[in-house]
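**Student:** I am attaching a structure below and will ask some questions about it afterwards.
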Amino acid sequence: MPFLAGGKWSCASKDYVAQRGARVSCAAYHPGNSLLVAGLTSGLFDIYQLPGWENIQTLSISRERVSSLAFNHTGDWIAVGCAKLGQLLVWEWRSDSYVLKQQGHYHDISTTAFSPDGALVATGSDDRKVKLFQLSSGFCFITFAEHTAPVTSVAFLPSGQALVSASLDGTVRAYDLIRYRNFRTMTSPQPVQFGCVAVDPGGEVVAAGTVDTFQIYVWSVRTGRLLDVLAGHEGPVSQLAFSPGGGPATLLASASWDKTVRTWDVFSGRGAVESLPHNHDVLALAFAPNGKQLAAATLNGDITFWDPHEAVLVHTIEGRRDIRGGRLASDRRAAGNLSSGAAFRSLAYSADGSFLIAGGSSRYVVIYDVVERVMLRRFAVTNNRSLDGVLDVLNSKHVTDAGPLALIDNEGDADDAELLPATLEAAAAADVPGTGTAKKRPPARTSCVALSPTGRCWVAASTEGLVLYSLGDDLLFDPTDLTEDLTPAACRKALAAGAYVRAALIALRLGDQQLLAQCIFTTPQSQVSTVAAALPVAFIPQLITALSDHLQQSAHLEFVLRWCHAVCVAHGPTLEAAAGGVGRAAAAAAAALPALRSLQKALTRAHEDLAAAAEANVYTLEYLFMAGQAEQAAVDTQMRTHISVDNGEGAEAEGKKREQGSKEGRNGVKQQRRESTGDMVGQQGEGAGNEEEMSSSDDKEDDGDGEANGVEDDGVMPLVSVKRIGGSRQGGDVEQETGEEESEDEDGEGDEEESEGAGEEGSMPGWG
């Protein structure tokens, strides 16, 4: 700035850092918070509060020199880099937590391979490690460090659940990608060095070629037993490949420095089938997907195509000029005149077999049309000028009589030596003059290329690292999708404001499980479906893992199940459609498989627990229900008994009352009849003149009888009076009727009906 140019600058103060036997290698200052972070050559970095130089924190990233430090604009995060080990660390010093921690290979990547579903990339390096990377994010999620020598080749089993690797330590190791462990180690009877490995399409057999004894060893994957040893090559075996398709007709092809490609019948035990001669050493080979074509790359830069079953040469592509490019500092001729060493060292067919990708001893990767035999495209995997062989034209002023200045080691151990990938050249390792590692820059080259089974992306293992090319724009490297304002305080503020989607995104990006749990259980039930549908598919595996944990530990079972249902409904179709593809959705689908297994396990356990409790509750409810029914039935029976008893007592009292009244009435009638009968017997001699008076008295008696019996006058007494008047045996009739009435009194029934019957019987004769 202009104002900095004016005036005079001087040192106002000078302070010393407690270095503990190490030197300060880098530093960064944040003016807003007055924070200073200092990195040391011992791998430590200290955070100081200025101007008081108060040591806030001290952290160790490794035992190697810290090469780079940087603050974000808020001063909450510190990025720490260690170039020698390939480490990158993002540290949040306020909460003492890692935001990002990754480590790549710190030596050249020698081999790479895609998983069958295209979601993972495996790499092997000269640092003796095998790493697995997620294709979408570029993150390494597992590292196998069992080998004790550089790893030369890796290959996936067709199932995608296992990975095999070959190493110069004389072992071929198989790794379980479900439990992430080395479950099988295959060795030879005598010590050898393996330079390549291949797996048959059925996943039953593993073959590895040696670089010292020129033999091929064949093992069984299941048992690890050595099945066969194939001998015949006269030079190091550079690469192996099984023909696709599987079955008894599967062939094993081997490329060797003895200028031949041999095919072997491994399964029938016939040994070598054909030998395909070449003019130069064969460095690489690859089978077409249909198994009817075999491509082999030779040391002179040519690619020859063969019919492996008929052993017939189909055609040849001269690729020396296509791969040539870049001039090394040690070259004495211009790049256009160089032809030695320009060769392809790795080949890969496209999924349909129409294209061939080739990479080798330069910074270029070339794509050919197999049918037309023409170059379609050439990619430069790096433009890093710190590597050798990137520029085609060198500045002549850097060349002296003693050689190029870049090759002269006159400064001792430079501080920036580890900023570049290490080299394992024998001359440099032996301290040959002019080959010092301090000034020796590694050359730009491609050691291996691999094409995804989906056909949408390919990778190249270069000097800089693993370079990924894709047809889609969704694979751009975005390490954490983070911004500086994503903090726990911002998450809690969003929760308080009701912004549940933003709060969940912040918690997922920070990777804070407690914060994520707070977001999950704070979200109202009515908002669960909305929040689950609004989350990006890349965070679904992490969310499913958290839900499976809460399903086992939380008491809010129904609420967590509601979350699980909402996530599966919102993102299940997307994950299912993206399985086996390429992109963030495909990577999320691949990463969701372990999370879904964990969720299924948690659901099964919860179902078992709930089933036992529910079954016991069902039995208890059935018992209580039946007991309630029995008690209610007993109450109803008792009520009916009381009602019947009350009704019986009332009816009995009413019957007794009615019987008493009828008896009193009958007794009155009997008394009146006796009186009237006596009068009639005493007055028989008086004559018919008294008949009317007799009739009138009989009518009065009938009225009294009706009133005594409680019924109306129905002509009963006139019947009696007629019978008494007109009968020839009046006394006998009266006595007989009196006896019948007394018997009726004793029985207590039929009184009224018999009186009516008597009336009907004697009415007509009396009145006639």
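Including glycine, each Cβ sits where the backbone N, Cα and C put it.
TrEMBL entries are annotated by machine, without manual review.
Copying in the features that TrEMBL gives for the protein in this structure:
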type: REPEAT; residues: 102-143; note: repeat 'WD'
type: REPEAT; residues: 144-185; note: repeat 'WD'
type: REPEAT; residues: 230-274; note: repeat 'WD'
type: REPEAT; residues: 275-316; note: repeat 'WD'
type: DOMAIN; residues: 512-624; note: domain 'Small-subunit processome Utp12'
type: REGION; residues: 645-768; note: region 'Disordered'
type: COMPBIAS; residues: 653-677; note: compositional bias 'Basic and acidic residues'
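Give me the structural setting of these features: burial, nearby parts and distances.
**Tutor:** Per-residue confidence over the repeat 'WD' (102-143) averages out at a pLDDT of 90.
Across the repeat 'WD' (144-185), DSSP helix (H, G, I), strand (E, B) and coil residues number 0 helix, 24 strand, 18 coil.
Secondary structure of the repeat 'WD' (230-274) per DSSP (helix as H, G, I; strand as E, B; remaining residues coil): 0 helix, 22 strand, 23 coil.
Helix, strand and coil counts from DSSP across the domain 'Small-subunit processome Utp12' (512-624) read 100 helix, 0 strand, 13 coil.
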**Student:** I need to check the long-range neighbours of the repeat 'WD' (144-185): which residues 6 or more away from its ends have a CB within less than 8 Å of a CB in the stretch?
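**Tutor:** Contacts of the repeat 'WD' (144-185) (Cβ under 8 Å, skipping residues fewer than 6 from its ends): 107, 110-117, 120, 122-132, 191-199, 201-203, 206, 208, 211, 217, 219, 221, 224, 424.
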